[in-house]
Each structure stands twice: as C-alpha cells, then as structure tokens.
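Novice: Can you keep this structure in mind? I'll have questions shortly.
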Amino acid sequence: MTLEEARKRVNELRDLIRYHNYRYYVLADPEISDAEYDRLLRELKELEERFPELKSPDSPTLQVGARPLEATFRPVRHPTRMYSLDNAFNLDELKAFEERIERALGRKGPFAYTVEHKVDGLSVNLYYEEGVLVYGATRGDGEVGEEVTQNLLTIPTIPRRLKGVPERLEVRGEVYMPIEAFLRLNEELEERGERIFKNPRNAAAGSLRQKDPRITAKRGLRATFYALGLGLEEVEREGVATQFALLHWLKEKGFPVEHGYARAVGAEGVEAVYQDWLKKRRALPFEADGVVVKLDELALWRELGYTARAPRFAIAYKFPAEEKETRLLDVVFQVGRTGRVTPVGILEPVFLEGSEVSRVTLHNESYIEELDIRIGDWVLVHKAGGVIPEVLRVLKERRTGEERPIRWPETCPECGHRLLKEGKVHRCPNPLCPAKRFEAIRHFASRKAMDIQGLGEKLIERLLEKGLVKDVADLYRLRKEDLVGLERMGEKSAQNLLRQIEESKKRGLERLLYALGLPGVGEVLARNLAARFGNMDRLLEASLEELLEVEEVGELTARAILETLKDPAFRDLVRRLKEAGVEMEAKEKGGEALKGLTFVITGELSRPREEVKALLRRLGAKVTDSVSRKTSYLVVGENPGSKLEKARALGVPTLTEEELYRLLEARTGKKAEELV
C-alpha cells in the first residue's frame, strides 16, 4: 500500500468510526456490532503505526467517543477526564500489554492484577461535595457528558450521601440493565407494537436518557462502581493501596460493586481467570463483553500514566464475538395467546453459543420497517441477552436485487379470521382461534404461572385435538380415563399429571392473575394487584380509580384490565375455575388498614426499602416516589434527601421509622415483626 492509498483509507476509516461513535455514544443506537467496530478501529491503528506521518491528534484512536447532543440534557464538564480502555483479543495481546508495563517501569513482571467483569452498560460519573451527591453524568466524550442526576436517582442503590470521604469525590461506574429486565421490557414494547431495543446496553442507555424519570424508574436499571476520579490520592493516603482494596472501600461506603472480581498474577494468571469466566458467562445476570484487567498497585498507575485515549495500566480483554452471518429464507406468522400475530424468520441454520439457530423473532411491523429486512437478505444474528436469537443488522451490501419484501397476511394464519390492525400490531379477534387457545393453556401451565409440570406443548395439542379441553378451566375436569391412551401417556404419567393439576390449585391469586394473561399484567403487576385487592371477588368489582392506585398501573393498562374484568366470558372462566377449587386469595393477603393513605420514603431504613414499601401496599396504602400535597406521610430514615425539605414546605406530616411501626400497630393490632 502506498502512502496516498493509506491516507485515503485512513480518512475513510476516521469518518466511518466517528459516525459509528456518534450512533453508539450519543444516539445509543449502533448500526454495527462491537466486533465490527473493533475491526475498524484496529485497522486504523495498524495503518497509523505503519505510516506514522498520518497520525493526527483528532484521530478516533486517541479519543473516547462522541460529544453528547447539547439539546438533550445539560452538558457537564468532568473535573477529571474519563478515559476509555484499549482492547486485547487474545493471550498474545495480553502478554504484549504486560511487556509494555515492564518496559515503562523498567522492571520485569509478573505483576499482580485485579480482574473484573466488563459489564456492558453506560459509563457514568457521580460527583460528591462534602459527602453529598451534586450530580451524576454520562461519560460523553470523556471530558463533557450529560447530566442525568434525576434518572440515576431512580436506581435505589446509588448513595445520595456519604460519610468519611474526601471533600470532593468522583465515583465512576456502569449503569446496566439486567438480562431479565431487558427481556421483560422488550416483551412489553413488542406487545404495544413499539420499537424494541437491540441489546441490554442500548436499553440501559435509552432508559437513562428518558426525559421523564418515572419511565426510567420502571425500567429496572442497576449500577456497579469500580473507580475514582477526584479523591483517589486522598483515599490512597488513608491506606487504600490496591484496586482490590479500592473495590472493598467502595462497598464499605455503600456503592454497589459487582461481586465477581478476582486477583491474578501475570498474564497467564489473568488468562486462567478469563477462561473460567468465559465458560460461566451465560450464567451472569447481566451482559459482559469481556474482563477488565487493572494493575493492582495504585502507586504504579501514576508512574505509567495515560495515552491520549486510555490508561497504560489497564486493558479490556474482550470475549470472542458471538455473532454469525446467515440468510433469511422465509417468514412465517404465529398467533399468540392474546391474538397478536408475530412474524418469525426462518434462517439457514447456524451454530451460535452452543446451539443451532434456525428461527428468529422479527417482533412486529415497526421492527421490520426499521431494519428494512427482506426475504433472501443476508443478516448478522446474535443472542439478545445471551438467550433469544435476534437479527443485529441486515447486510444490505450483499443484496442481489432478488430479495422480496415481507407481506403481512390479511387473515389469521391459524383460523382464517380477518385480522384487525391496532397501530403497528396485527391481531386475530376470533375467541375460538385454536392458536390462541393453545398459547393461553401453555402460558397458564408455565413455571412462573400455575407451574403444571408435565403439561407440555405436544400434550396440549393432543388435548385440544381430542376436544378434551377448550380452555384452562377444562384442565381441572380431566380424569385419568381421559388421559390414558393418549400418545405417550400411560397410567402412571396420567396420575402424575393429575396430581400436578391438583397442586396448581393452591398457587394463590398472584400466580393465577399472571396465568390468566390479563392485558399488560406481568409477574410484578400480578403481585401488586393481588396485594392491593386480596381476592378475586374484590378485583372483579374494582373501579378504574382503584386500579390506577396500584403501583405500576398506568391509565391505558388500567382501562384494558377493567375491560377484561367486565367481559362476561372472562367472568365465566373465573367462575368455573372457582368451582373447580382453584384458590383465589392472595398468598400475602392485602388489607384496608392504610387504605386512602399515600406514603413517600426518604433516607436509609433499618429494613430494606422495598420490603417496607411492599408492607405498606399490602395494607392498602399507595407508595409514591415524590412528595406532593396529596402525600399523607413522609417516612424519614437516616441521611434523608431533598424530599424532607419539600415535605416541610408543603406541610406534609413526617414519621420516623419507629413512628411508622407504631402507626401500623395502632391500625392493625400487630407489631411490625408480625406484619413483615
């Protein structure tokens, strides 16, 4: 390659990387995978090293990311710069990292390292003065980020006040979305026909950038912290001499710290930890795209310093990319228990993360339009959250012109009934649709619902084909003679299944509500409804206003639930379940001792805050996150926040934790220990 050819390619790569930085850091909507981005950056680095005259101070190899949009949130300049990390992709590159340290320090290793999971989320910086949180901000370009304080404070584990810390302190960490929360959020968005998130990192970034903190609060974000900016030297003078000790110091101060960190000696020791964690990667509750390797001794950090982009004492050792290219051969349409029609892509089979992948959900019309995906396209697939096969992007550069657009059916693929279109969602309105019946029974019997073990998909199909069941209530009318003689169903299997069905009657109201598939009702909302109303009879008579008082219920969900509760077919189903002996009382019964009262909690309590909130709701109270004139009481714990000042200004009564428990005892006749 000549110098001019290299110059042209370097300029192309810089423009391309800057564009993808903008998509990744600012819009939180990347167009390419991490592996593809790493390949571009590596190519640029190699060309700059091969042709030093092409190096430039504004090259993306010397920068962290893209500046945030000024119109979104207030720009904040970090007191000390937030650096990115250089990457290693194999043991040789890890050894090269250690060799660079040896040369810089003028002595041979091996050195001690702290190894941490590289949680795939959004980097944030918390700034404290005299132990009080002043603001929290995203990393942005490393020098200027966006203030997102109110949204960060919806994460309950982030401390607002600290004791025994430097006067000015920066604490760095990662905000992420647990895989379970990510899958649940996408399921809700898909059900509404809205745009889904491609991965947990995008979901975390999008949730943290919400203008309404109430939306952020419902997204289940978590945070983990691992570094200091300002204040590090003072903490060192207190005797914290290693990264391992610093993580322990952060935990002592009340910060959430990802527990799976380890010490290792030398590159070979790090490699052993890396390989062990790689095997266990999919057991983690969060996405991790590698490990972070840091020289353990903090004093050596100052000797080594930083490049323009990254520290010389740390490196990200990335897990191998788990993405595959394949072709979309066809699209079929499935009908769910609510009648929603979902497109499913049929792929040329590929082996991905230990299993063969031949089908992938295409979610809804919005998703297909956004991807501009067509039958015959080459696509890049991965497993979202390490679980569900998903299309990362369409490889449009490989199109031949023979690809075909995806056409939505006008009639139900299962029963032939004409489909209804609600926004971007297509539904079958036929109550007798066999696919809806199948999915309703399958969901009812699932582990998180009524947990009827042994009632698998094949058996449900046979029961429907033989006319033995038409809906979930019919399960409780099955007899041994109905089952014996079905394919692969002997007398013992029949007895076991009937025993499981009988045991499912005792699951309680919260599991039953989830099992019945009320619109918008997942596990959390089912628990909240059960705690608020206590039994099915009270819920059936609930008003719109009462439903709106339930935590997590918005107006659209409340109206949809109310419509279902008033539906004669639903009421008849409930009646038949009750006659069959299905219990319809909450396992944790609610009450009316605090009905009509609204509580807000501030500060640290002796019991976990969520436990106290659940207790108040169980007794009929409403618990909110902000103080208003409608607040009945503000419960004040240790180190209260600004809610106390607002309560005083509005004249809202306050209770200490002890006074709260005395109030509960007076209202219920029971001590707090008996109620919790």
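Glycine is no exception: its Cβ is also placed from the backbone N, Cα and C atoms.
Pasting the relevant annotations from Swiss-Prot:
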- D34, A35, E36, Y37, D38, S84, L85, E116, R139, E174, K294, K318: NAD(+) binding site (BINDING)
- K118: active site, N6-AMP-lysine intermediate (ACT_SITE)
- C412, C415, C428, C433: Zn(2+) binding site (BINDING)
- 589-676: domain 'BRCT' (DOMAIN)
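Can you tell me where each of these features sits in this structure?
Specialist: The Cβ of L85 (NAD(+) binding site) lies under 8 Å from the Cβ of V292, A310, P311, A314, I315, A316, each on the same chain and at least six residues away in sequence.
According to its DSSP assignment, K118 (active site, N6-AMP-lysine intermediate) is in a strand.
Taking the Cβ of C412 (Zn(2+) binding site) as reference, residues of its chain lying under 8 Å away and at least six apart in sequence are, in sequence order, V335, V341, R418, L419, C428, N430, C433, A435.
In the predicted model, residues of the domain 'BRCT' (589-676) average a pLDDT of 82.
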Novice: For the binding-site residues C415, C428, C433, which one has its C-beta crowded by the most other C-beta atoms within 10 angstroms?
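Specialist: When each Cβ's neighbours within 10 Å are tallied, C428 tops the list.
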Novice: If you draw a 10 Å sphere on the Cβ of D34 (NAD(+) binding site), how many other Cβ atoms land inside?
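Specialist: I count 21 other Cβ atoms within 10 Å of it.
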Novice: Using the alpha carbons only, what distance in Å do you get between C415 (Zn(2+) binding site) and K294 (NAD(+) binding site) once rounded?
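Specialist: Cα of C415 (Zn(2+) binding site) to Cα of K294 (NAD(+) binding site) measures 60 Å after rounding.
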Novice: Round to a whole number and give the Cα-to-Cα distance in Å for the pair K118 (active site, N6-AMP-lysine intermediate) and E36 (NAD(+) binding site).
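Specialist: Per the Cα atoms, K118 (active site, N6-AMP-lysine intermediate) and E36 (NAD(+) binding site) stand 18 Å apart.
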Novice: At a 10 Å cut-off from the C-beta of K294 (NAD(+) binding site), count the other C-beta atoms across all protein chains.
Specialist: 24
Novice: Go through K118, R139, our recorded positions, and report the one whose Cβ sees the most other Cβ atoms within 10 Å.
Specialist: R139
Novice: Among all the protein chains here, how many other CB atoms are within 10 A of the CB of D38 (NAD(+) binding site)?
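Specialist: The answer is 15 other Cβ atoms.
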